[in-house]
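Right, one structure below, let's go through it.
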Amino acid sequence: MSSFARHRIPDGSAQSARLVPPERWRAALRHAPLGMILSIVVLAVVFTWANPRFGSVENLQNLLYQVAVPLIVVVGTTMVIQMGSIDLSVQGVMGASGMAWILMSPNSRLAVDFGPWAWVAALALGLGLGLLAGIVHARLKVPSFVVTLGTWYIGLGIGVLLYGNGMLPSLTSETLARWPTRLTLGVPNAFWLAAAALGLGLLVMNYTRLGRGILAIGNNETIAGAMGLPVASIKIMAFAVAGLLSALAGILATMQLGSGSPDIGSGQLFTVIPAAVIAGTALSGGEGGVVRSALGVFLLILLNNGLVLAGVDPDFQSGIFGAILVVAIIAVSWPLRGRLKVAK
């Protein structure tokens with residue numbers, strides 16, 4: 001059996017894949033994010049009681065629309081965090097890729113339409129920035145938070161360069177501008193795109209050598225290397241996937257806004273990392289998973305939406321949101337305090 005196969009670990013579980021079926025089910029139940037699911041249900045009930053509009057079909061569709069962009073981002077971010085590293089480049093990659101995409105799509109500044117090549121170019125840009133971060137981190141042994149902070153500013157610089165001194169480019173294609181909000185089976189297209197990204201993350205983490213390698217590195221990088229795993233290559237690939245997904249999120253955010261901006265990813269970093277952490281994805285690596293992180297995103301977006309509909313004063317919303325976030329992070333981190341380490 002290959003070293004990768006020995007590290008096949010189900011999402012959020014450290015149990016061996018060789019468990020017999022009944023034991024697998026018990027292990028899955030034991031490691032299931034029941035606390036997160038219960039928290040989401042309780043908050044939904046409370047907010048619906050405070051304002052019945054919260055439980056309306058229109059608001060639920062709005063929630064799915066709002067969750068789409070951070071959901072795409074958190075899939076890639078979680079892969080990096082599960083290695084014990086961190087990716088701070090999200091906002092820069094989103095801004096650069098979003099600007100590249102809109103300037104190659106029908107827009108108010110340039111009379112061009114490169115069609116699918118706009119997607120290819122924007123995604124390739126995000127992939128390239130991710131590869132750059134991964135190579136510098138893995139080959140030159142530079143801490144990931146330093147490298148990705150630099151990549152953030154490189155992406156921001158590219159976005160500003162593409163912006164130039166003119167007005168922000170707007171989408172002139174009604175089809176593209178309205179696509180994220182259009183419903184398919186009662187669900188916004190934006191969410192279906194995010195669901196596809198989540199499915200990709202599950203596939204990679206549970207059924208590929210890359211996913212098993214990521215978990216092995218997160219559990220113990222030294223042992224993973226001693227077992228013959230290509231640690232540097234795995235790290236580079238993980239950062240590349242994260243960059244690719246950040247680029248996809250940048251394109252979707254640009255479509256939702258209807259115009260390009262180097263700052264299109266502003267605030268996303270402070271949604272996805274807390275979402276991953278409160279859902280049990282340890283910054284020390286080896287714990288959690290993309291499903292948990294996705295639930296964390298749902299919780300934070302639901303909380304923000306509910307506070308608005310509950311009529312909480314805007315001046316207090318940030319304070320309440322932050323207080324709940326701190327309590328949730330402490331609750332998750334306290335049992336693991338003896339094992340936590342600084343992200344590298």
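Each residue, glycine too, has its Cβ placed from N, Cα and C.
Here's what TrEMBL has on this protein:
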type	residues	note
TRANSMEM	32-51	transmembrane segment
TRANSMEM	63-81	transmembrane segment
TRANSMEM	88-104	transmembrane segment
TRANSMEM	116-138	transmembrane segment
TRANSMEM	145-163	transmembrane segment
TRANSMEM	183-205	transmembrane segment
TRANSMEM	236-258	transmembrane segment
TRANSMEM	264-283	transmembrane segment
TRANSMEM	290-310	transmembrane segment
TRANSMEM	316-336	transmembrane segment
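Long-range contacts of the transmembrane segment (32-51) within the same chain, counting only residues at least 6 positions beyond its ends with a Cβ under 8 Å from a Cβ of the stretch, are 12, 278-280, 291-292, 295-296, 298-299, 302-303, 305-306, 309-311. Within its own chain, the transmembrane segment (88-104) is flanked in space by residues 73, 77, 110, 112-114, 117-119, 121-123, 125-126, 129-130, 133, 145, 148-149, 151-159, 162-163, 169, 171, 243, 246-251, 253-254, 259-269, 272, which lie at least six positions past its ends and keep a Cβ under 8 Å from the stretch. When the stretches 63-81, 116-138, 145-163, 264-283, 290-310 are ranked by Cβ pairs under 8 Å to the transmembrane segment (183-205), first place goes to 63-81.
The transmembrane segment (236-258) makes contact with the transmembrane segment (63-81), as judged by at least three Cβ pairs under 8 Å among residues 6 or more apart in sequence.
Count of Cβ pairs under 8 Å against the transmembrane segment (63-81): among 116-138, 264-283, 290-310, the largest is for 290-310. Within the same chain, residues 85, 87, 89, 92-93, 96-98, 100-102, 104-105, 144, 147-148, 150-151, 154-155, 158, 231-233, 235-248, 250-251 sit at least 6 positions outside the transmembrane segment (116-138) and bring their C-beta atoms closer than 8 Å to a C-beta of that stretch.
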